[in-house]
Amino acid sequence: MPTGQGETTTPAGVTIVDHPLVEHKLTLLRSLATPTGDFRRLAREISLLMGYEVLRDLPLQPVDIQTPMEPMIARQVLGKKLCFISILRAGDGILGGMIDLVPSARIGHIGLYRDPVSHEPIEYYFKVPEDMAERLTIVVDPMLATGHSAAAAITRLKRAGAAAIKFVCLIAAPEGVAVLRTAHPDVPIFTAALDRELDEHAYIRPGLGDAGDRLFGTK
Ligand code: URA
């Protein structure tokens with residue numbers, strides 16, 4: 001159900017990670033009273049909790065290990081087959097929690113800025129692992145607002161070979177969900193909340209303000 005709106009169903013392809021701890025921490029994150037250091041810590045904690053859900057279907061492979069008692073075949077995650085992609089710069093705020101979960105995952109970055117007039121994304125940086133085709137790719141950006149940056153980032157990743165992609169944010173606007181799902185219906189969206197709407201400046205309402213500025217204390 002979008003926050004601050006009547007009852008609606010969650011759109012297809014969208015998972016709202018509605019764990020009480022996620023919602024509690026998101027409430028703190030939204031609050032104007034939350035200072036930069038706490039904001040940063042909370043964003044990381046929420047992403048870790050969300051990562052648990054997002055990575056639920058990670059493939060496991062058998063490994064031979066020796067317990068103190070006897071040898072056994074156990075299963076472990078193929079961390080090297082996973083890639084986290086941060087959409088700069090706010091994506092970095094929710095990257096740490098994911099890396100905490102899978103320290104051996106590969107990391108990529110995409111720099112896009114939003115044209116202040118058209119709100120269209122313009123790429124200024126792109127660095128990802130070479131073998132994207134072999135990896136499960138998790139794209140992270142805390143705010144899914146217009147959806148144009150996320151859609152452009154995923155288009156670019158597909159051009160680089162990525163085939164299995166998931167998108168993770170903290171707060172999504174219905175407009176952004178519609179744009180991203182239309183552009184990339186194969187990409188599931190995971191969010192902690194689906195908010196009411198975008199305002200005339202393409203900010204999410206009620207939202208949490210500018211995620212990058214709040215993460216990095218630049219305003
Ligand atoms: N980016 C943000 O940081 N906040 C919004 O509300 C929308 C886009």
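Keep in mind that glycine also has a Cβ here, set from the backbone N, Cα and C atoms.
Heads up, TrEMBL stuff is auto-annotated, nobody curated it.
Of the residues Asp38, Asp210, TrEMBL places Asp210 in the same 5-phospho-alpha-D-ribose 1-diphosphate site as Arg89, Arg114, Asp141, Pro142, Met143, Leu144, Ala145, Thr146, Gly147, His148, Ser149. Under DSSP, Asp141 (5-phospho-alpha-D-ribose 1-diphosphate binding site) is assigned to coil, being neither helix nor strand in the three-state scheme. Less than 8 angstroms from the CB of Met143 (5-phospho-alpha-D-ribose 1-diphosphate binding site) sit Ala90, Cys169, Leu170, Ile171, Ala172, Ile204, Gly207, Leu208, Ala211, each of them six or more residues away in the same chain. Fewest Cβ neighbours within 10 Å among the binding-site residues Arg89, Asp141, Gly147, Ile204, Asp210: this applies to Asp210.
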